[in-house]
């Protein structure tokens, strides 16, 4: 009988030498961030791009970020407790619920792939929304409506459900990964099984295209923000009332050039983190599909697969912090006091010194 490729594919206990600490940290951090984000969303709608005309809430971005937050929170609540229960009972997912046989592992892998794909699609929708609102405002005002924003989450969910259910229909395969607390798409090829290879490559290719499109949209938005920053530096008093930002006391004030930097830096941070967390699992899928892994290297290869899956789960942790918490008025006031105000003070001092020296 041919032995399974993965060492833990048929094991019934958690592999020794592994701890639940990492899973607990990921779960608690993700739960805290998403609950805090939901609280902030419940209090007020947050607009991502400050140059967007003021409009009654909720905005399109508000609809999109609500869908992403709910998706991330559901993913954490459905998947992380299962991992922690496996560690606590020292049982692999295949036997954690004996009455379900191997169904728990299959369901875990399905939801893992579903939430990974669904979150990435929603992140692309948010990046596209931000890029259009900054770079193509007339098109945005005419075509991007609240109804369209409200349709994103259900359409994305329906597509992700259909795509991630293909292994249940014989196209692709879900397997248990070491240390026995994870199940996911099989990312190594089997002789005589093109469907396993095909689905793994198809899933990773789709994820790669979504990541590339998201990064390009974010780079386009960053380019527009930088152009605004340069224009405000050259013409600080030429901004119209539509460009005014609400101050902490509720009044509107003309934006200063340095106030564009927090948008630019936050968008750059989001792009870097999103890319770093998404690429490992994409790389591992291609590597496993086309690289002939030797028997003696399987342990290290499975450790790399586990690390890539953990990186993928980090996306749902950083999403609420970057999109909501860091965009909240309280954090913006803190950020401006600590970073923007000192930079502005130095800029004024430098200008005064230059004027005095010229006199």
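Each residue, glycine too, has its Cβ placed from N, Cα and C.
So that you can see what the record holds, here are the features copied from Swiss-Prot:
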DISULFID  105-183  disulfide bond
CARBOHYD  10  N-linked glycosylation site
CARBOHYD  90  N-linked glycosylation site
CARBOHYD  297  N-linked glycosylation site
TOPO_DOM  1-21  topological domain 'Extracellular'
TOPO_DOM  43-59  topological domain 'Cytoplasmic'
TOPO_DOM  81-107  topological domain 'Extracellular'
TOPO_DOM  129-150  topological domain 'Cytoplasmic'
TOPO_DOM  172-195  topological domain 'Extracellular'
TOPO_DOM  217-262  topological domain 'Cytoplasmic'
TOPO_DOM  284-310  topological domain 'Extracellular'
TOPO_DOM  332-359  topological domain 'Cytoplasmic'
TRANSMEM  22-42  transmembrane segment
TRANSMEM  60-80  transmembrane segment
TRANSMEM  108-128  transmembrane segment
TRANSMEM  151-171  transmembrane segment
TRANSMEM  196-216  transmembrane segment
TRANSMEM  263-283  transmembrane segment
TRANSMEM  311-331  transmembrane segment
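Sequence features, as recorded in Swiss-Prot, placed on the structure.
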{"residue": "10", "record": "N-linked glycosylation site", "Cβ within 10 Å": "14"}
{"residue": "90", "record": "N-linked glycosylation site", "Cβ within 10 Å": "12"}
{"residue": "105", "record": "disulfide bond", "Cβ within 10 Å": "26"}
{"residue": "183", "record": "disulfide bond", "Cβ within 10 Å": "29"}
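Against the transmembrane segment (108-128), stretch 60-80 has more CB pairs under 8 A than any other of 60-80, 151-171, 263-283. Under DSSP, the residues of the topological domain 'Extracellular' (172-195) split into helix, strand and coil as follows: 2 helix, 10 strand, 12 coil. Sequence-distant contacts of the transmembrane segment (196-216) (same chain, at least 6 residues past either end, Cβ-Cβ under 8 Å): 113, 116-117, 120-121, 123-124, 127-128, 163, 166-167, 171-173, 185-190, 271, 274-275, 278-279, 281-282, 285-286, 288-289. Counted over residue pairs 6 or more apart, the CB atoms of the transmembrane segment (151-171) and the transmembrane segment (60-80) come under 8 Å in at least three pairs, which marks the two as touching.
Put simply, residue 10 (N-linked glycosylation site) is 11 Å from residue 183 (disulfide bond) when counted between their Cα atoms. Tertiary proximity for the transmembrane segment (263-283) is limited to same-chain residues at least six positions away from its ends with a CB under 8 Å from its CB atoms, namely 49-50, 116, 120, 123, 130, 204, 207-208, 211, 214-215, 218-219, 221-222, 225-226, 229, 307-309, 311-312, 314-315, 318, 322-323, 326-327. Below 8 angstroms of C-beta separation, residues 4-15, 17-18, 23, 83, 86-87, 91-94, 105-106, 108-110, 112-113, 166, 203-204, 284-285, 287-290, 293, 302-303, 305-306, 309 of the same chain, each at least six residues beyond the ends of the topological domain 'Extracellular' (172-195), sit close to that stretch.
In this structure, the C-alpha atom of residue 90 (N-linked glycosylation site) lies 14 angstrom from that of residue 10 (N-linked glycosylation site).
Summarised by DSSP class, the composition of the topological domain 'Cytoplasmic' (129-150) is 19 helix, 0 strand, 3 coil.
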